[in-house]
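Remarks on the structure that follows.
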């Protein structure tokens with residue numbers, strides 16, 4: 001980055017973003033101005049002038065490890081998200097299956113209730129018919145016994161009944 005680029009960037013930052021600090025407080029610049037080498041960490045020396053810079057540069061492996069750990073965490077979080085989405089979808093499908101089964105059971109209950117009602121109506125009709133048939137049968141038996149009695153009385157009253165061979169005995 002060229003010094004004029006840093007200066008124009010600093011101007012851009014100062015002009016377009018309103019400062020969260022009151023205007024009477026001094027603000028330390030985090031970018032080099034006019035070739036000055038200031039560190040954004042307020043008062044710390046630059047890594048190139050510091051003998052500890054070698055340890056900081058050797059810590060690139062630590063930053064690589066940190067990036068790798070961050071990547072691993074991202075992968076783990078991504079897997080958790082996918083698993084959570086998968087579990088939600090599975091639960092939704094399970095609820096749908098349960099609802100479909102419940103609907104089928106209610107449909108079956110309604111069908112069985114209708115069938116039960118029809119069978120009860122049929123049973124009532126058959127019971128009424130049976131009662132009518134029993135009454136009619138009793139009436140016919142009564143008529144039969146009355147007719148037998150009439151025939152028997154007629155045979156007794158007939159003067160020629162003992163000479164007739166074609167008279168059928170009454171049982």
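Heads up, residue numbers simply count up from 1 along the chain you see.
Using N, Cα and C of the backbone, Cβ positions are placed for all residues, glycine too.
Given the structure is predicted, the values throughout are model-derived calculations rather than measurements.
These features come from TrEMBL:
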REGION    42-96  region 'Disordered'
COMPBIAS  49-63  compositional bias 'Low complexity'
DOMAIN    77-140  domain 'BZIP'
COILED    116-157  coiled coil
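With helix defined as DSSP H, G or I and strand as E or B, the domain 'BZIP' (77-140) counts 64 helix, 0 strand, 0 coil. If you take every residue in the domain 'BZIP' (77-140) and average the pLDDT, you get 97.
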